[in-house]
């Protein structure tokens, strides 16, 4: 996004954190003002055919995954879980035995696992993605065939958007994050294509393309429960049909893994409803309360009309060209930060507590540099929590306002234009997402600019380090006058 290098400090307006696959790139967390507050599905696609859905139900039933409390069904979002009877809050609605999961154990027991020599050192998601592609290639011979038949071919995740659609998020962090994710998936594909896919044509008789691999990645991102990522990554058929509702705000998990049967040896995934549900109503859960709208758009392909989802992640960085680089880095590390620091700014909420302190550290110099001497090393952070000097405070305001202006100039629409567009009828779902994300980012950037504009107007009324120090020494009166003693 925008990079600013005033003198010896940098402020970057970076992109969203990726999948916890690699170190987070600088980012600005972007919330957006969504156009609606509707429950959304993990995947937006045409509903599976009636025959495919019936096959899927029979497959679940034959493996003990259906108890009559919930049933997979066509819903407005695509597919979902519908209550077969009245269900009280906390009721178990689905139990899925481990033999149906697509996870590391399923990989190890498959031809993919043997071809890779166990896990072959592959990332868990890559291994499960290859299993998914292998089973799709097997068609009706796959033990998961009825499940694979109801999976969507795409979601509204930004990783599936066309170039024309991506132009609608030009200037946003979401665009740079999306492209970063696709570049990452491309590099992983090139690696497994050479080492596994092309080397095992018996497992992959047809051509496996990058688009196929990206589809598998998107399926995992959109359908795996958040707590089942990393080494625990698993696709849970049936349970993964449950859709998201913004109206459900419970913090507790809606599922657990438990033992069942004799001595609890049979491992089951158990899904519960977080609210009361009437017969025939759809069962919903909350996917993740902590995700921003940009993250929801990237992972699932929808956003919410919730200001707490609107955020922007500011990255501040100590420049190596700063003459006080070593001192500033030492001070930052002594206080739990580092050369770069990421601060999530949420719409209508105050700035993170340490952000202004870190900004003052970045901008400190000139006559204020004495605060970085060894004598002050253990106390300087406390001094930086309050205004240091008019020059330093003015500098942090200028740095932030210039950076916000630069970021806002990168968008091709204004907030007002976007809000008018959102009033348009029959907007396509992806365009609604794009407008919602970019207007949310701009609102947060405008909020940041307003905060520092107001601070600029208050500079003359602030109390700075020298005044505080004189007061501590008893050399300044209550009205700010300097006190002199005569011998």
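Cβ atoms are placed via backbone N, Cα and C, with glycine included.
Just so you know, TrEMBL annotations never went through curation; they're auto-generated.
Source: prediction; values computed, not measured.
Record features (TrEMBL):
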DOMAIN    64-288  domain 'SET'
BINDING   77, 78, 79, 223, 243, 244  S-adenosyl-L-methionine binding site
BINDING   223, 240, 255, 287, 300  substrate binding site
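Here residue 240 (substrate binding site) is positioned 10 angstrom away from residue 79 (S-adenosyl-L-methionine binding site), judged by their C-alpha atoms. Least crowded of the binding-site residues (77, 240), judged by neighbouring Cβ atoms within 10 Å of its own Cβ: 77.
On the backbone, the CA of residue 223 (S-adenosyl-L-methionine binding site) and the CA of residue 240 (substrate binding site) stand 6 Å apart.
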